[in-house]
Amino acid sequence: MEKLLVISLLLLISTSVTTSQSVTDPIAFLRCLDRQPTDPTSPNSAVAYIPTNSSFTTVLRSRIPNLRFDKPTTPKPISVVAAATWTHIQAAVGCARELSLQVRIRSGGHDFEGLSYTSTVPFFVLDMFGFKTVDVNLTERTAWVDSGATLGELYYRISEKSNVLGFPAGLSTTLGVGGHFSGGGYGNLMRKYGLSVDNVFGSGIVDSNGNIFTDRVSMGEDRFWAIRGGGAASYGVVLGYKIQLVPVPEKVTVFKVGKTVGEGAVDLIMKWQSFAHSTDRNLFVRLTLTLVNGTKPGENTVLATFIGMYLGRSDKLLTVMNRDFPELKLKKTDCTEMRWIDSVLFWDDYPVGTPTSVLLNPLVAKKLFMKRKSDYVKRLISRTDLGLILKKLVEVEKVKMNWNPYGGRMGEIPSSRTPFPHRAGNLFNIEYIIDWSEAGDNVEKKYLALANEFYRFMTPYVSSNPREAFLNYRDLDIGSSVKSTYQEGKIYGAKYFKENFERLVDIKTTIDAENFWKNEQSIPVRR
């Protein structure tokens, strides 16, 4: 009898993880959902959209901001499960297991490689946009935020309760909390308060067996550590996060000053490299490098734009800038004082005077074809090398760069405290941005080739062994998993997580030995 039981269990496990036996019939998926435990007031199949449903395409495309993965040839899920209750999530997980389907978990849909809504094997999308509660506790200065809420919704709900509290997270307000936090999450408050995950102290998650853990005690410290920067989709379905809100002044000061190479940008960039990571931690100054028309017809040049925010009034900002970066010659007329919540709109390029209620719109206003890559810079780039970089920018034309300064609080937090390892020793992070609007495979190949060409060119100036990368700027070019092996995973894992990768693998092997939760860049199990 014991032998029979063991054989039965082995057969069950084998069936649940073998994608070659996956059931791809959407109707069979709906029937499976209805066989699972259900909430009588909200049947499981009622929230599942299949291709024959008139709303399927609308629901699927609603959170696909990257047109590279919104084509007729893009692999489609057999269903989009728009979960509204924990029971819906449990049922979806149960059917993924029963029918040998992959689960792709989507909160905001901003995965730059489309991994939250595409797959090369039979799959369905578990859409978390129905989970968007933000519960702010002013007494404790904390909040619970569901993983399907956007950063804009989080910021707005905080501002409803207080104009002197905020949260350190991203600048794009349509980012989903679930994906943003699970990759680390950073923005213009990171030099003062660190990353999003540095201010998370609780969470809830559903595991591969449908078990629900509603706090860090029940889920265990290892799992809690892993889902704060290690890619939560490798460990389960995160329901939400308990976060610590941070103090912000009644007024912050923002500015944006641009200079071309002909106007002295090279000198300013050289000074920015030593200034931005070492200045007052209340000040964050991003540098963007873009291509603009030159003074002569048909000539292009590089525009360096310094975009800053100071946690305080403009007079104090000017004191800091005159002391640490006088070369920029920042004037009071360059500065605008505003509430922190209004600075959120400034950083996301909304026109001045836009009502903050726009933050409640979870959808991207304009979709584009997009590619992102990332790097970390640990030593100053010489003037000669900077000249070569600017020359290359003009040559490739399409690439834009954001240089985001570290230092401050980022340099004080140990690299092992969370899976996000890029702490002390980093001067700044580079985000490579390639956006285009023209459709066509040949156009896409051209722009992706330019992105890779520029990335290769930057090799001597950035980190090495490994060449580090930021998970939230996901890039399949640095490695991907075909067979879900440890050897494959280590290629990209070491770049995203450095030494923390091994602990992530150990945790994964302990709590998900069958590798139920996987994608092209998930954490592998150790075999």
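Our numbering is plain: 1 for the first residue shown, then up by one each step along the chain.
Note: Cβ is positioned from N, Cα and C throughout, glycine not excepted.
Swiss-Prot names the disulfide partner of C95 among C32, C335 as C32. Checked against N293 (N-linked glycosylation site) by C-alpha proximity, the recorded positions N53, H110, N137 yield H110 as the nearest.
Proximity of N53 (N-linked glycosylation site) to non-local residues of its own chain (separation of 6 or more, Cβ distance below 8 Å) is seen for none.
In the shown protein chains, 12 other C-beta atoms lie within 10 A of the C-beta of N293 (N-linked glycosylation site).
Here the C-alpha separation of H110 (pros-8alpha-FAD histidine) and N137 (N-linked glycosylation site) works out to 28 Å. Each of the recorded positions H110, N137 was assessed for Cβ neighbours inside 10 Å, and the highest tally belongs to H110. Taken as a whole, the domain 'FAD-binding PCMH-type' (73-248) shows an average pLDDT of 98 in this prediction.
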